[in-house]
Each structure stands twice: as C-alpha cells, then as structure tokens.
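The following features are taken from TrEMBL:
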DISULFID  C34-C46  disulfide bond
DOMAIN    34-82  domain 'Laminin EGF-like'
DISULFID  C36-C53  disulfide bond
DISULFID  C55-C64  disulfide bond
DISULFID  C83-C95  disulfide bond
DOMAIN    83-128  domain 'Laminin EGF-like'
DISULFID  C85-C102  disulfide bond
DISULFID  C104-C113  disulfide bond
DISULFID  C129-C141  disulfide bond
DOMAIN    129-174  domain 'Laminin EGF-like'
DISULFID  C131-C148  disulfide bond
DISULFID  C150-C159  disulfide bond
DISULFID  C175-C187  disulfide bond
DOMAIN    175-224  domain 'Laminin EGF-like'
DISULFID  C195-C204  disulfide bond
DOMAIN    271-323  domain 'Laminin EGF-like'
DISULFID  C294-C303  disulfide bond
Amino acid sequence: TPNGQCPCLPNFSGRLCEKCAPSFKNISAGCLNCDCDPIGSTSGECNSTTGQCQCKSSFGDVKCDKCAKGYYRNKETNDCIYCDCDPSGTEDEICDGSNGQCLCKPGFAGRRCDKCDDQFFGYPSCRECFCHEKGSKSLECDKITGECPCFANFTGRTCDKCSAGYYRFPDCLVCGCASAGSKGLTCDIEGQCYCKQNFQGKQCDQCLANFFNWPLCEACNCHPAGVVPQFAVPPGELCTCRKNVQGRTCSVCKPNHWDLQPHHPEGCIDCACNMTGTLSLSNDCDQLSGQCQCKRFVDGQKCDSCQEGFYNIRADSHVGCEPCNCDIGGAIGIGCNQITGQCRCRPRIGGLKCDRPIQDHFFPTLWHYKVSEKKENFK
C-alpha cells in the first residue's frame, strides 16, 4: 500500500505482518488461534507470545478453561464456585476442582474440612484420640474432651490405666479386696490388697494368727469383765464365762441381759423390760444401752411408761397405750394420768377429758358475751 502496509494474512498484523493479530498467538508457529474459553475469559484475546488468555478471577490456566485455585466447576452452570474451605483443616491445594470437596489435612473431615475426622478430637487442632484398643469400648473419643469410653476396669483419658480395684495393666484383673479387712479397694501390681491391722491374705480375707471371728478378727484374749473371777485370762485358752455372759471370749451378754461390766457379779444384768409394753412381750434389750423394744406410743428404757398424750399400757394392745384425747380448750397440755387417763383441767373445768364445766358453772356462748358487753356500756 502507499503507506507501506504489507497485505497480511487474517491471523497476522503489523505494517510488515511481523506479529500475530488479536486472538492469535505464537508467530513462529504461524499465529495460531488463542482458543480462549468463552466462559472463563474476559475476551478472546491472549498474550501473543505466551498464549495466556485474560481470565476471570475464578478461572485459570492458559485458555481460562479451568477453575482457579480455591474454586470448583459447577456442572450445571459450568461456572467456577468458591470452595469456602476452612483454612485450619485444608491442604494447600484447597479443594477438588470437579466437586468442591476441600482437601483435608490428616485428622480433619467434612466438605469444608471444618471438623475432626473419626478418632480425632479438639477442633481446630484435631489431635488423635489414641484410645487404648483393650481398655476402650471404641477407638472413637469425645470430640471435645478426647475422653475415650472405657470399660469398667479401665480409666484415664485414653483408657490406658487400671481403675481402682483392678491391677496388672493391660489385663486389669479385679483385686477382690475384702472390705472388712482391707484399707480400700486398691491393691499393688501383684494383686496384694492393703490389709488392716489383725488381717492377712492376698485379699485381706483372713484373720492373723492369734485373732479370730472373721470379719471382726478380734484378739483371742478373754474379756476380763466376762470371765469368772478366778480365771487368769491367758491368751489362746478357752474362756470360762460368768453366768449371764457367752461367746468365744466371754464378750457378749446372753439374751435378755445387757451392760457387761466387771462389777456385775454375773457379768451382765437382766434387761428387766416391762413386757406389757414391749413388742411380742419380749424381755430382750440393746446390749449397750439396755433399751427394750417398746410398742408404739410406749416410752422409757424399760418400756414402762406411755408417751406424752397417752396412758394405760395394755398387754393385749399392739399399740401399747391409749390416747388421752384431752379437750384442747379445757385441758392444760395433751398429757393425762398414766393410769386413770384424767387430763389436767383448767380452773372451773372438769371431766375425764376436761370437756365440761364444774357444778354451778357454764361455758359462755356468743350471746352471753354480747349481753355482758351491753351491760358494760350502760355503766
């Protein structure tokens, strides 16, 4: 042309046709078509040397036909969608470009990698549970605390110790300590329980030598208050008890007796219960306090009196005493004479229950109070 423009082929440009036309690249190869993806690129043009198309922010690669890092392809719209992965649990590659599944670090799970995987806990750090396979009911632990679900004979966060009362991890066998003879339920690594004084055996279930009467394991020495006066109380010998005393060491009162004391000639004294007031007409009592077993509404150590508000102990009554039923208005208190049932009456009131006025007196009514008030007003 007059201005020196060479006639270029369609895919070349420049005055001398020395470069590729827009939307073409690689002049040495004859200026090939850029072939930019129409959805992912902002235009059909590309860098004439590298062939890099101008991509939208969510697209990448040379032709803008792939999703950028952190985006995935929506198959319905063919658009690239932001993955929205949790940075705490996601690998550098971020997500799978085909389905949006975030690429989780070990120990993380979920579409966004925003929770701990199975057998991990403590999001966002997600540490491994390490539940002991023999001590734990499951290898899965609490997602927050990391506590593993232990069998009864195991304990610890990871169930890696024996519970109290068990020994020899990881078998964790039951100690079986006898509660009467051991100091608690625990034992040493060999299963030996810790015995109280006077006890022995692996499980503390035997009396030591010179002790007897499991589970009390008492010393074999005779009780000085329970043996006959001439007995010398030598250890290990058969005791000779006083008349009202019994037992291997003469330490127990016979039935219907109590208060084992050296000054009692027969060792223990008679309960002396008032059997009219005791259950089943029994003469038995507590060996330490001497308290007899009273019927209902019966009182006293010997069951020989009625409780306040009751009287007349009767052998043929299962309740023992009858209620006084004193009149609440006429009587002073709820008590009455233990034999006759006579209530304690207020002045000018009589009757067994204090429920009527004495001779020449009456209980005033509301009408009497009104008449009395009118007389006062006329004075």
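Cβ coordinates are placed from backbone N, Cα and C, and glycine is handled just like the others.
Projection of TrEMBL feature records onto the structure.
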residue: C34; record: disulfide bond; DSSP class: coil
residue: C46; record: disulfide bond; DSSP class: strand
residue: C53; record: disulfide bond; DSSP class: strand
residue: C64; record: disulfide bond; DSSP class: coil
residue: C129; record: disulfide bond; DSSP class: coil
residue: C141; record: disulfide bond; DSSP class: coil
residue: C187; record: disulfide bond; DSSP class: strand
residue: C303; record: disulfide bond; DSSP class: coil
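Listed disulfide-bonded residues: C55, C83, C85, C102, C131; maximum Cβ neighbour count within 10 Å falls on C102. Counting only the Cα atoms, the space from C148 (disulfide bond) to C141 (disulfide bond) is about 4 angstrom. Long-range Cβ contacts of C36 (disulfide bond) within its own chain (separation 6+, distance under 8 Å): S23, S43, G44, E45, C46, C53, Q54, K63, C64. Within its own chain, C187 (disulfide bond) has G165, Y167, C175, C177, C193, Y194 as residues 6 or more apart in sequence whose C-beta sits under 8 angstroms from its own. DSSP assigns C95 (disulfide bond) to a strand segment in the three-state reduction. Each residue contributes its Cα atom, and for C85 (disulfide bond) and C131 (disulfide bond) these two points are 29 Å apart. C102 (disulfide bond) carries a strand DSSP state (E or B). Cα of C141 (disulfide bond) to Cα of C131 (disulfide bond): a span of 7 Å.
Per-residue pLDDT, averaged over the domain 'Laminin EGF-like' (34-82), rounds to 86. Around C46 (disulfide bond), a 10 Å sphere centred on its CB holds 25 further CB atoms from the protein chains shown.
When the CA atoms are compared, the disulfide-bonded residues lying within 10 A of C83 (disulfide bond) are C102, out of the candidates C55, C102, C113.
Rounded to the nearest whole angstrom, the C-alpha distance between C102 (disulfide bond) and C95 (disulfide bond) is 4. Rounded to a whole value, the Cα-Cα separation of C131 (disulfide bond) and C95 (disulfide bond) is 31 Å. Cα of C303 (disulfide bond) to Cα of C195 (disulfide bond): a distance of 43 Å.
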